[in-house]
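Data block below; observations after.
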Amino acid sequence: MNNDRVFNFSAGPSVLPEEVLSIAAKEMLNYNNSGMSVMEMSHRSKVYESIISDAEKHLRSLMNIPDHYKVLFLQGGASTQFAMVPLNLFTKYKRASYIDTGSWASKAAKEANKYGEAVVIASSKEDNYSHIPKLDPSIFPKDVDYFHITTNNTIYGTRYTPENIPDTGSTPLIGDMSSNILSEYYDINKFSLIYAGAQKNMGPAGVTIVIIKEELIGHAMDITPTMLDYKTHADNDSLYNTPPCYSIYMCKLVFEWLIKQGGLAAIEEKNKYKANLLYSYIDNSTLFKNPVAVEDRSLMNITFITGNQELDASFVKEAAQKGLVNLKGHRSVGGMRASIYNAMPVEGVEKLIAFMKEFEAKHK
Ligand SMILES: *Cc1c(COP(=O)(O)O)cnc(C)c1O
């Protein structure tokens with residue numbers, strides 16, 4: 001651990017593994033004897049081709065992605081997927097089901113309404129998004145082109161557990177996995193398309209990963225811009241135009257780090273251990289509370305409040321003075337939020353809990 005570094009609990013862009021940053025630093029001036037940095041090389045060079053193809057190969061092995069899915073490295077963030085998904089998938093009914101579990105989910109639905117109709121079939125908005133709505137598959141509309149969920153709700157700290165992914169039958173299931181991709185094992189076969197911006201749990205901002213069943217590619221609406229058509233990128237192995245070269249390289253390093261840690265099974269165990277430490281402390285605390293339904297708790301974003309806004313603010317401030325930074329909750333919900341992505345070491349969570357105990361002793 002480099003002593004100049006803080007424990008960064010930011011929701012995104014977020015902490016990266018220190019080992020990965022060190023490798024990137026070492027390779028900065030001269031990548032693999034190319035005599036240049038990855039930022040400077042042609043995306044059509046042999047050396048870069050091996051970076052992007054390794055990144056894809058590692059992701060496929062980590063997530064166990066079957067061959068009939070394409071992996072695309074795109075730009076524009078998850079927010080661009082809010083439009084790309086309907087533009088490419090509104091093929092028959094121009095209508096889709098959305099579950100409203102937070103602001104990202106609701107933004108996704110709003111964007112789909114520009115190209116067709118987003119039917120919000122369940123929402124937890126009235127309960128301030130403190131849980132995932134219970135879904136009854138018998139009410140799922142059949143005359144929709146797809147069914148959209150947000151697997152982890154970054155702002156509110158809720159998630160669909162892998163067991164709780166809705167069974168949508170023959171309707172393609174789409175998952176915004178921006179804030180919990182690679183955090184635990186989800187069965188890809190339950191989804192037809194998964195998308196995720198890199199800057200939460202994979203790498204730096206700039207690249208968005210799309211994992212899409214091949215059969216969904218090639219049916220975009222006529223108005224779809226070339227750059228927003230999955231086919232453009234699938235046909236060109238994500239090299240139709242200049243990709244976000246350096247971000248993809250960083251993702252490759254993160255994937256290699258994950259594989260070295262023992263893959264998703266090992267990371268999942270570590271993530272559950274970290275989340276459990278924090279939740280159990282909060283549950284036994286007389287000062288802090290977590291407002292989320294226990295069965296829907298996120299492993300990545302853990303929210304907590306004291307119930308007193310001034311106290312929350314001094315908590316955030318004093319924590320920062322101790323090198324525990326970015327603990328302020330999202331501006332729409334207040335309180336605190338600790339984002340403990342894959343790269344957050346156990347030590348960071350332990351330090352946070354130690355500080356919470358100290359703070360609690362002072363303020364009870
Ligand atoms: C951060 C986030 C987004 C937005 O991502 P951008 O890459 O900034 O567009 C969308 N969905 C979820 C769940 C997020 O956490």
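From the backbone N, Cα and C atoms, a Cβ is placed for every residue, glycine too.
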TrEMBL annotation, pyridoxal 5'-phosphate site containing ALA78, SER79, TRP104, THR154, ASP176, ASN241, THR242 - matching residue among GLN199, GLN309: GLN199
Just the binding-site residues from ARG44, ASN241, THR242 whose C-beta lies under 6 Å from any atom of ligand 1, please, or none if there are none. none
Sequence-distant neighbours of ASP176 (pyridoxal 5'-phosphate binding site) in its chain (C-beta under 8 A, six or more apart): ALA78, GLN81, TRP104, ALA105, ALA108, HIS148, ILE149, THR150, THR151, TYR195, ALA196
Would you say which of the recorded positions ARG44, LYS200 has the most Cβ atoms within 10 Å of its own Cβ? LYS200
Indicate whether ALA78 (pyridoxal 5'-phosphate binding site) is helix, strand or coil by DSSP. helix
